[in-house]
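Asks: Quick one: structure below, then a few questions.
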Amino acid sequence: MISFRIKASGEKVAPQWVEAFRNLPVPNISDCMARMTAGGANLRAFYKGPRMVGSALTVKTRPGDNLVVNKALDIADPGDILIVDAGGDLTNALVGELMIAHARHRKLGGLVISGAIRDSEEKLLAGSFPVFALGVTHRGPFGDGPGEVNVPIAQHGMVILPGDLVCGDADGVVSVARHEVEEVHALALKKHNDEVKLMAQIKAGTSDWRWVDELLTRNGCSI
């Protein structure tokens, strides 16, 4: 049925690239994608723990309904990031403590919900399992469908295909197309290393900011 189907998982980003991105901050990755990949400034991290990195298992659901989200949890592989397009609706929570415990037990890499969650304050914020969402509401979900699993989704300025790389930290969530991970990783790693060197220079008082005046002059600014 149109808009009500569960598709089998296809090719995923290779595990070595998941590990390669694990120590790269999301802003470094984003900067190396021409700053054109949004991540949703309102997506909030509801956990305290390590950076989230994994292969996308995509879900598109009717706002307020989590039937296919439950199915996606059952077919996800360990390490998968369940990323749900729920239309940004905050009326009903799509997941709560029990579903997140199920995801953690099945060793998923994390959850990204373009919608609301619940049971957040005491249980999730103190945990280390990666959960990102737009907000919180006590009101629970419906469970009738429709919805789709393993289809292309759009979320916060990102087009995400099943199997793409998804990274998340305190600065938000970013996705990298599966066929671009090698190029983006090389650029992001260089940027990260350059920033580490610059931070060391700043702390040592040896950083050089003459480039600011040079750029102002080149752009016609009177100094």
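Placement of Cβ uses the backbone N, Cα and C atoms for every residue, glycine included.
As listed in TrEMBL for this protein:
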- Gly96, Glu97, Leu98, Met99, Arg118: substrate binding site (BINDING)
- Asp119: Mg(2+) binding site (BINDING)
Asks: Around the C-beta of Gly96 (substrate binding site), how many further C-beta atoms are within 10 angstroms, looking at every protein chain?
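Replies: That number is 20.
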Asks: Among the binding-site residues listed here (Leu98, Met99), identify the one with the smallest other-Cβ count within 10 Å.
Replies: Leu98
Asks: Neighbours of the substrate site Gly96, Glu97, Leu98, Met99, Arg118: Cβ within 8 Å of the Cβ centroid, same chain, sequence order.
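Replies: Here the non-site neighbours turn out to be Ala93, Val95, Ile100, Ala101, Ile117, Asp119.
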Asks: Any idea what the Cα distance is from Asp119 (Mg(2+) binding site) over to Leu98 (substrate binding site), rounded to a whole Å?
Replies: 9
Asks: Around Asp119 (Mg(2+) binding site), how many other CB atoms lie within 10 A of its CB?
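Replies: Counting Cβ neighbours of Asp119 (Mg(2+) binding site) within 10 Å gives 18.
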Asks: Which ones in the same chain are close to Arg118 (substrate binding site), with CB under 8 Å and 6+ residues apart in sequence?
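Replies: The answer is Ala93, Val95, Gly96, Glu97, Val136, Thr137, His138, Arg139, Gly140.
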Asks: Checking the spread of the substrate site as listed (Gly96, Glu97, Leu98, Met99, Arg118): what is the longest Cα-Cα distance, in whole Å?
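Replies: The widest Cα-Cα gap among those binding residues is 10 Å.
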